[in-house]
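What TrEMBL says about this one:
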REGION    1-26  region 'Disordered'
REGION    64-88  region 'Disordered'
COMPBIAS  68-86  compositional bias 'Polar residues'
DOMAIN    106-348  domain 'ABC transporter'
TRANSMEM  452-475  transmembrane segment
TRANSMEM  481-504  transmembrane segment
TRANSMEM  525-554  transmembrane segment
TRANSMEM  560-584  transmembrane segment
TRANSMEM  591-614  transmembrane segment
TRANSMEM  681-704  transmembrane segment
Amino acid sequence: MEEIQSQSDNYRSSSSSASSPASRVPSSNFFYLRKPGSLRQPISFEDSPEWDDTDIDVRVEEGGDSINVATTPASPSLSKLNSGSLPSPRLPEGAVIPRKIAGASVAWKDLTITIKGKRKYSDKVIKSSTGYALPGTMTVIMGPAKSGKSTLLRAIAGRLHPSARMYGEVFVNGAKSPMPYGSYGYVERESTLIGSLTVREFLYYSALLQLPGFFCQKKSVVEDAIHAMSLGDHANKLIGGHCYMKGLPSGERRLVSIARELVMRPRILFIDEPLYHLDSVSALLMMVTLKRLASTGYTLIVTIYQSSTEVFGLFDRICLLSNGNTLFFGETLACLQHFSNAGFPCPIMQSPSDHFLRAINTDFDRIIAMCKNWQDDNGDFSSVNMDTAVAIRTLEATYKSSADAAAVETMILKLTEKEGPALKSKGKASNATRIAVLTWRSLLVVSREWKYYWLHLILYMLLTLCIGTVFSGLGHSLSSVVTRVAAVFVFVSFCSLLSIARVPALMKEIKIYACEESNQHSSTLVFLLAQLLSSIPFLFLISISSSLVFYFLVGLEDQFSLLMYFVLNFFMTLLVNEGIMLVVVTLWQDVFWSVLTLLCIHVVMMLSAGYFRIRNALPGPVWMYPMSYITFHTYSIQGLLENEYLGTSFAVGQVRTISGFQALQNVYNISPDSSSKWKNLLVLFLMAIGYRIFVFILLCFLMGRKISLRKCFKCNRDTTDSS
């Protein structure tokens, strides 16, 4: 305690000179605090805040949808304006006020979360956290990096990682029942959007995926979400832009990701880091929009790493975390008094959130060590001379014995002593509707994504044109058999290799699926069926255009039935190849490692396809069994050669002739059976289905656990380094 007191006195002395009236500059009213009330109420600037006590009265109405909160003079809060004032950001002229929403109260009591191996010295990520959030208010969870903000948010929302264990209780309207579908929305820190859709299109497709009912009813829901997030000016703009027009700024993109959850009209909204990668102006616009949204009745719980002074004034309540410990929970203004009571008053010329994080972020200890013997322009580097570990212990001990902690316990008792109206689950769109919506949305994306699709088609045409011209004019003599086999092998192998260029597009599809599946907007089976249906037209367009160019340039058998088999065989080859890419992309979830793995797989398959060395002559272990049997090149090339040569004959001299099967015996292994080519086509079809079943299993396992091969290797490397 003597150490804590000495450190506290040391820091108080370093900051008192900055906060004393004698040292203040009268014209620099730096630090403002928002008085409780309307959003349009002016923001007050104070040099000497006066703190009063308040009581909060909570009443649960019978048969009502929300908890009414009556607040009498704040606890503690500022009571008067005595300096200059600036108006708060005003609503745009002509803005549509969102409809009122009946929110729900959320309370968590003694919440402890453990994740094995997450912390260096302890598995407890969150330690006995207690707090609440009320309808019509915005509760902010703040703290330095790795303090447990996102973990606490996920725990309250019921979205913890399967490896995490939660102890404690979470109440929604006084009941411990989990939140049903549609009653809450959750916005991840990094949401995946579809850049080739406009804001209105993106939200409309999200509404079709989430809500049952008629299409016309969902248009009004989408418009409400657009107005609620102030996206009216951007509604018809492409999210990602195109070749000559920029996409939406990062701030508007975050608003779109929030609007996607508002389509469901939830009562509670969880937002992880809404200010992530936003500049100060965008951050203020974001928080003003969220504050206005909360005023319509939503219960907002958000996490924030750091905020400006203007943004800080918009918070209703703050939960301050450091290393999983709750250092304060209560009204925003009371947090300043709490720090002052603990011996760490906020200097006048410093932002409150900066001051809080400076006091509780252990990373500052490294700065203290670096600057220990360093002198700044004013002489003593006194603004960083506080031990953060001591400050954390002091703040935690002060909070546990304070009236604020007792007030939180009293509020929790009031919120949980009687159950309010239960949240009802909202209906979902049927799986058939979701498959149709995802298929149509993917087809629309294909038509607009020139970089991943139309450019890809052009490259296929150029490649087949090159191959066809190299192997053109072969004729139909016996001497052309070897060269013709080489042409078929090059066509199948190189075109399959070129399809790796679609890895980034598949990666985007997987990320979009993961985002939608986490919010129950889609499912694994729905995604795979829609992905298959939407890829069929594009792959068929590639197969028929490439096959026609190659077929006629090389001069294969001039029969329509043989041409149609060639197209169908190549189409199934592309379908199998896309299944392999889906498997690899799902496993790695990284473009670089996926491309590298696919290149290795294709090289090995080309070596075991039976062209460089005839299949029967391949070494038995590995290359003959199993590689040549699981290589799709084998069945594709074999089927195309059987389609070309079975039923044909070649003259040897003037008397003798040999069949096409005999001509290929020493070049490539094929079957003399006339139905063999259809068997090869069936094998390709079964491979395409089998790979997608494997993807289904991987998605159910990996996405449910939020892991990938890249993350597994990273975790193993980190474990090795730490040991």
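Yeah, the Cβs are placed from backbone N, Cα and C, and that goes for glycine too.
A TrEMBL annotation is a machine prediction, not a hand-curated record.
A contact between the transmembrane segment (681-704) and the transmembrane segment (452-475) is absent, since fewer than 3 of their C-beta pairs, 6 or more residues apart, lie under 8 Å. When the stretches 452-475, 525-554, 560-584, 591-614 are ranked by Cβ pairs under 8 Å to the transmembrane segment (481-504), first place goes to 452-475.
Confidence annotation: the domain 'ABC transporter' (106-348) carries a mean pLDDT of 88 in the model.
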